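Single-structure report; data block below.
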Ligand code: NAD
């Protein structure tokens, strides 16, 4: 069994802990938190040993009556792999601690690509993380774009990708984020950071991205144009995308017109937290004009990186190849809606 610790038990960390626990070849050694909030309470309720991430906060847990298993250093020492899901920038600060205990670490998309050995997307570059000590699982948007681009490159060749990302202002629980009533080019300069981030997965890909922020919390929406190196018809492309295990091509008759109904569907089918781990591509939007492909896809920012973290655990420990890991992860989670 691979022993996995999770440092930073928030939006991403708590989902990764549940996904790791669901795997037949992994166990959660424990999770570390800075504050005794509702998520800390739930971690204990679920039976995850809870470690304090900061020494001076230990008494806050005592006061709240939440029992600690120890300090984060003990969790790191006891884990085969650490998933760091701390807020952006904290992961890099933690890197030294992981190195000190010789524990390979996975970081999240908010971290810089500069200090890690590899950036990771299971479908696109699994083996780049093989045996690495510091691996960054790329952001929700970069994960979504990489999953889409990988099969298109393999099947048709890609000349250029142009994508406009309509980004949610914040996650549902992020009460302080915005905009509340605006449509904001973000960043207003081009390219947005997303294109260069996709290049950490596909260094030679020609990609331009533009970003906007809107008053929404449910999902991101990508308006995608890919200039291909051949001229497939739309049905062919749609078949290709339907064959990808982490792309959900929304059937026309589902009558799903946006992120609201997608989330409703995810809840109806019993997805934990209403999560959608797959890219959601509107089948009807898949259109070709000569060598240009167009489509819309929605990305559930809180969860699409979760199966990728699980696969990255197997990649850094060399315990499976891409195909086997993706299959195992998908089966254990119940991917494919
Ligand atoms: P979050 O704020 O929901 O969770 C972070 C957790 O880490 C919180 O519980 C916080 O209390 C805890 N924490 C803070 N400092 C800590 C420390 N020093 N040690 C241990 N824990 C600490 O953040 P999140 O949304 O889960 O984001 C985590 C990372 O994942 C970021 O890099 C982010 O960019 C990336 N990411 C977020 C999303 C998203 O949409 N939420 C999507 C993909 C990637």
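Heads up, the Cβ atoms here are built off N, Cα and C, so glycines get one too.
Features as listed in TrEMBL:
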type	residues	note
DOMAIN	2-140	domain 'Glyceraldehyde 3-phosphate dehydrogenase NAD(P) binding'
BINDING	11, 12, 110, 168, 301	NAD(+) binding site
BINDING	139, 140, 141, 194, 195	D-glyceraldehyde 3-phosphate binding site
ACT_SITE	140	active site, nucleophile
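In the domain 'Glyceraldehyde 3-phosphate dehydrogenase NAD(P) binding' (2-140), the DSSP tally of helix, strand and coil residues is 56 helix, 33 strand, 50 coil. A C-beta separation below 8 Å, combined with a sequence spacing of at least six in one chain, links residue 12 (NAD(+) binding site) to 85, 108, 302, 305, 306, 309. In this structure, the CA atom of residue 139 (D-glyceraldehyde 3-phosphate binding site) is 7 Å away from the CA atom of residue 110 (NAD(+) binding site). Listed binding-site residues: 110, 195; maximum Cβ neighbour count within 10 Å falls on 195. Less than 8 angstroms from the CB of residue 301 (NAD(+) binding site) sit 140, 141, 168, 171, 219, 220, each of them six or more residues away in the same chain.
Taking the centroid of the Cβ atoms of 139, 140, 141, 194, 195 as the D-glyceraldehyde 3-phosphate site, the other same-chain residues with Cβ within 8 Å of it are 109, 138, 142, 143, 144, 145, 165, 192, 193, 197, 198, 209.
Taking the Cα atom of each, residue 11 (NAD(+) binding site) and residue 194 (D-glyceraldehyde 3-phosphate binding site) are about 21 angstrom apart.
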